[in-house]
Amino acid sequence: MVILKSSYGILSVLVGLLAFKATIVDSFDYGDAIDKTLLFFEAQRSGKLPVGQRVKWRGDSGLGDGYAQGVNLVGGYYDAGDHVKFGQPMAFSMTMLSWAAVDCRAELVSLNQMGHTLDAIKWGTDYFIKAHPQPYVLWGQVGDGVSDHYCWERPEDMTTPRTAYKLDPEHPGSDLAGETAAALAAASLAFKPYDSAYSSLLLVHAKQIFSFADRFRGFYDDSISSAKQFYTSSGYSDELLWAATWLYKATNDEYYLKYVVDNCVSLGGTGWAVKEFSWDNKYAGIQVLLTKVLLDGAGGAYTSTLQQYQAKADYFSCACLQKNDGYNVPMTPGGLLYLHEWNNMQYPASAAFLLAVYSDYLAKAKGVVKCPEGQLQPLDLLNFAKSQGDYILGKNPKSLSYVVGYGQNYPLHVHHRGASITSVSILKTAVGCVEGFETWYKRPEANPNVIYGALVGGPNANDEFSDDRTDYEQTEPTLSGTAPLVGLFSKLHSLPGNSAGPYTPEPSNPYHKPQGSYPQPATTPNPNQVSNGSKLDCSSRICSRDHQLMDHLQGDLLPSQGDNQDVSQKPITGLKLYFESLTGSLWGLTPTQDKNTYVLPEWIKVFEPGSECTFVYIQVVAKPRSQFKATINKGEILKFLYRVLMMTENKIFCNP
């Protein structure tokens, strides 16, 4: 690892994380809400947990998933308060997180949350890649809901069957496959600025899975019958359009745009006017995304059909804002959209996110929504989205935050197995299936583990809520309910009065991923300052799991500080780095068209005094070390020579 820094203090940016103090001036701290929400996804992780895991009460679990069927399905997410990995809601959740990473990129970068967002997405997409070993095979579920619900035990203690279920040409599932293709296509867009190779890999799988979904049509819960009583599919037509829409966004290939136009009637894209946007019903999302194509002026020959999609997007907006001539989404007396008794909170969360992004699309195009009961401005949509987000965070008749761990008053008896039983790091003996019910499920005390960021099922139609672990309709959180909050709270943070600065997340281990995955907020250049004469200090740090190798190399790999400490207070712009004789991977810098020349990541516009940038070079070779030369090409400001760690094949980058 190489660290560039200027004098007058060091601001830690190891592996791309910046920390700033911030004061949110509105009544709700949306930055804190985002950070808490992303912690929920860490609590739901299945598999071998990473070094940077922030939720410490969780441990490794599900390490044998798929092995009985001869496939590696370790990883992914548990769906809710249980331990089943349901593919359909998991894929929708990854699509929502990816949409947030794409459309709320500036907000997430400014809040220092893009790294955690990409981590959450990748934990899901890595699993989907494993679940897609052949073009026309997709493993869609691990675990059985019925047997799983007979037990109340921590994921680390699981004794229930971990049966895996797959889709193939003889057992199709266009809905599940379509949603997975959409998730991978959306994720490819999210990763494209930061990891182009991974982005391309995701797109390959997305295209293949979409082809599978379209060619071999059928309901996934007919092929995976154990999913039917938990996540029954209402149809697969919307998922086919949804996947094609995201593939068009990811590829700009007219084939996919033509698909959604040619199939607009047969698959219901321009026929269905809906009041719900959820893991099961994507029509409103499709209609908003395709309206953006129209608003961007890219409709071309497809303009008339895209206008029909826009009409349905407007219907959804009018219905949510109660301007649809009586055909509106029901609401509670306290102002919450209310569609279903079971886990209703997921519906206002997803609707609010969709309205927030639609508001942004309309505002940029100077568009409006024409409703039967009046015209809506983009800000009307955003304000309504804010009303839903604020209700979720505590502006409701109960003055209760339905996001666990946010604020001072939130549910304490969450219907969640892992959160309700003392952590395996403290209670090391296994908790059995029946023992869990008798000792932990029925206990009146609060859960021993706070599952930060979990959006519970929420209140009933009259805004009443029971903080009762046995009331799974109201106190159980889900992936698909929580995922839209990242984008929603990001958009709300951008409202006037919420731009005080980046949120400072809780400390975490910054070494679990190369810096290139962790974007940093851009710094606004000061036109009154010049960069000529500025100098940089270069230092390096060795990281290896091989302590003998570290002892051998530590002495001569750390560069001499020397004259590099004599630096100016002026910022540096246009910084270029030149490297010779590199044969390994360089993370955290952007290559240019000039040979051996790199620049800082695009989000670092100016290298300010007191700032620090870290980049990593990892080489897999037999010999122990090598050299390369780095030149800062800004009026020949400074040249320096240093050595970097050469890693053997089984060594990894880690926290020293």
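Our numbering is plain: 1 for the first residue shown, then up by one each step along the chain.
Here the Cβ of each residue, glycine as well, is placed from N, Cα and C on the backbone.
Because the structure is a prediction, the values reported are computed rather than measured.
For reference, TrEMBL has these:
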ACT_SITE  His415  active site
COMPBIAS  517-534  compositional bias 'Polar residues'
DOMAIN    30-488  domain 'Glycoside hydrolase family 9'
DOMAIN    568-619  domain 'Carbohydrate binding'
REGION    462-482  region 'Disordered'
REGION    497-537  region 'Disordered'
With a Cβ cut-off under 8 Å, give me the same-chain residues at least six positions beyond the ends of the region 'Disordered' (462-482) that come close to it.
37, 40-41, 44, 77, 79-81, 89-90, 92-93, 96, 278-279, 332-334, 336, 341-343, 345-346, 349-350, 396-398, 400, 402, 404, 411-416, 420, 441-442, 447, 451, 453-456
How many of the residues that make up the region 'Disordered' (462-482) does DSSP mark as helix, as strand and as coil?
8 helix, 0 strand, 13 coil
Averaged across the domain 'Glycoside hydrolase family 9' (30-488), what pLDDT does the model get? Just tell me the whole number, please.
97
